[in-house]
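Enquirer: Got these off TrEMBL a minute ago, pasting:
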type     : residues  : note
DOMAIN   : A:48-278  : domain 'ABC transmembrane type-2'
TRANSMEM : A:51-71   : transmembrane segment
TRANSMEM : A:91-113  : transmembrane segment
TRANSMEM : A:125-152 : transmembrane segment
TRANSMEM : A:158-181 : transmembrane segment
TRANSMEM : A:193-214 : transmembrane segment
TRANSMEM : A:256-275 : transmembrane segment
Amino acid sequence: MKKTEWDIEIASETSWFSFKLNEIWRYRDLVALLVKRDYIAKYKQTILGPLWHIIQPLLTTAMSFLLFNVVANIDTEGKNAILFQLAGITIWSYFATCLTSTANTFIANAGIFGKVYFPRMVMPVSVVISSFLQMAIQFVVLIAAIIVNIFINTEYHLSWNILLLPIVVTIMALLALGLGIIVSSLTTKYRDLAVLVTFGVQLLMFASAVNYPISTIANRLGTDSMIYKLVAYNPLSILVDTFRNIMLGGPIQYGMLAYTAGITVVVLMFGIMLFNKVEKSFMDTV
Amino acid sequence: MSRKIVIEATNVSKQYNLSKIGSGTIKDDMKRWWYKARGKEDPFLRIGETNDRSRKGNSNWVWALREINFNIEQGDVVGVIGRNGAGKSTLLKLLSRTTTPTTGTIKMKGRVASLLEVGTGFHPDLTGRENIFLNGAILGMTKKEITSKFDEIVAFSGVERYIDTPVKRYSSGMYVRLAFAVAAHLESEILIVDEVLAVGDAEFQKKAIGKMQDVSSGQGRTVLFVSHNMGSIQTLCNKGLLLKNGMIAANGLLMPVINEYVKDGNSDEQLIFEPADNPFLSHIQLTSSTALITTGNAITFNLELKQFTKDLVVHLGIYDFKDEKLFNLATDYFEDVIKSTSVKCIVPVNNLPEGNYYVNLLLKRAGQTLCHYSKCLVFKVVNGDFYHQNKLPELTPSKFFVQHEWQS
């Protein structure tokens, strides 16, 4: 008998720090195919197909505009109110889609996970990418609306800040991924969190400055109020606000952006650790 | 030639919690955590019980597998056998990495592909073509590999006509054909297969078994194959691994392992009959040239008499379970066959197809019935290579196989 070098070792205990990024890279074709699957499966047997990506934010924007700007008369820091809402909804819906879809990674894919091994992280990563495609379509709508606005109101705010855009979107994606895999890891055994997430995302939207600027709260309640702190230090409202300021013009708070990036790294690391720990034997508890 | 060990399992155990997840598990989790924090052994690992589904246990924790040790060499085709709930599926789950062992380690060499189910990840809305790529990728192939084998896969599946139709429009047979075709073209050093051959029509089963044989014999790959069909296990495997109540009951060359499995009491089968207080008959036993009674192989009825006279007549009536008499084996067809107390009746080629049969025994002397036993032997025939074509004949509802040849 020859001594053999083992390729795979299956044991009960695994270290907390095995990120296996190379393994995900090896399965990149699978990621691509899953993204494709999501896209095809979503619009099979619909008439409008991907147009729904455009209709949905437009209707939501119209509603938010009526509610927050016409009825409640919330100030938009001098930005066009419709664009303000559209921008906020575009970036927020990316976060919301990523979070809600990654949060049930284990439960939704239990059938596949129970039969075949592949790096489990492939699933949430593919969700984040396919949601990104969806966001990209909505982003085009936003650009179109901005261009229309340039013609109608001759307002023009494009600046070098646009270079920050990929960073903001990436942070948003990673934060959603991190939170999503934390929730998905915790829900394998106790399903309570999954229930929380579905309506929690809606509640979170109101705390994330999607329909109003952070400054409104400062003006109305003062910077010492609990609510202001809750919103101002919420990484999500910082990302939404920054995204809006990039697209529609406004000051970028680099310090707060760095703070958000820091939080994202921590959340993501924790999420990956937890996910790795859970993926090993979640089939027994799911 | 010394062959490499490609799978090595050391002290592998797997414990499952039978109680409902959700009630009381936080308490158990806390307890585990508390023991662990103090560096003590997990309290629940101690109270687990042996995996025996027929007995009611006291503990909610059960060992699906307990301290399994085995090595598998490269190129072996190992049939994993055992009764329902013996731990076969748990073992395959561990090997295919869908869960981890509670204790112990498994080491493997090479790429592992597992087929615990065909069509994993098939999406009903995607076309056959799209699903081939998706399923292939899930099973671990790269897009390049799938592209290079695409035509082969489609040809093997035999559903070319519908390759651009969403699979939800497929018949279930077509679905399975396509799914198995993808799996059959995996390029991995170790292939783990769970009873997926029990699908599809007879033509496809044959094809699938043929493909599996190619895989193991032609390409030096290692295959682990779980099945309850001893016919296909005998056709495919050269080694066996018998699990019983989560432990290894036998391991090694196939035949002894199957013998062990059969011996281990198939309660329906009765291959030996010893009547109490019969002045003539000691016992009657049915033996076979192979471990299982297989179509095409020889079977022998051994009678042990307590006394013999030349005019003794033995009748064996072979019935199927529709109580239809199929044939007689009788001494009065022949002259002077009983010459000692040991009487044998050899059927050189068993023509019976797969199924269950029973034997009635009648002893007569001088026109007088000495004794009559109904259903004294009950036996099961597994499908075998009756025509020596290296493949299993199709299962058709005929009563017999008949030896024949074609000429042209």
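Going from the start of the chain as shown, residues are counted 1 onward.
Glycine is no exception: its Cβ is also placed from the backbone N, Cα and C atoms.
Note that TrEMBL annotation is computational and uncurated.
Can you walk me through where each of these features ends up in the structure?
Expert: Residues 43, 81-82, 84-86, 88-90, 93, 134, 137-138, 141, 211-212 of the same chain, all 6+ positions outside the transmembrane segment (A:51-71), place their C-beta atoms under 8 angstroms from a C-beta of that stretch.
Long-range neighbours of the transmembrane segment (A:125-152) within the same chain, counting only residues 6 or more positions beyond its ends whose Cβ lies under 8 Å from a Cβ of the stretch, are 24, 30-31, 34-35, 38-39, 50, 53-54, 57-58, 80, 82-83, 86-87, 90-91, 93-94, 97-98, 101-102, 105, 169, 173, 176-177, 180, 247-248.
Sequence-distant contacts of the transmembrane segment (A:158-181), counting only residues of its own chain at least 6 positions beyond either end whose CB sits under 8 Å from a CB of the stretch, comprise 91, 94-95, 98-103, 105, 121, 124-125, 127-128, 132, 135, 235-236, 239, 242-243, 245-247, 249, 252, 257, 260-261, 263-264, 267-272, 274-275.
Sequence-distant contacts of the transmembrane segment (A:256-275) (same chain, six or more residues past either end, CB-CB distance under 8 Å): 16-17, 19, 120-121, 124, 164, 167-168, 171, 174-175, 177-182, 184-186, 233, 235, 238-239, 242.
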Enquirer: Please report, as numbers and ranges, the same-chain residues at least 6 past the borders of the transmembrane segment (A:193-214) whose CB is under 8 Å from any CB of it.
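Expert: Residues 64, 67-68, 74-77, 84-85, 88-89, 92, 96, 99-100, 103-104, 107, 183, 186-187, 228, 230-232, 234, 236-237, 240-241, 244.
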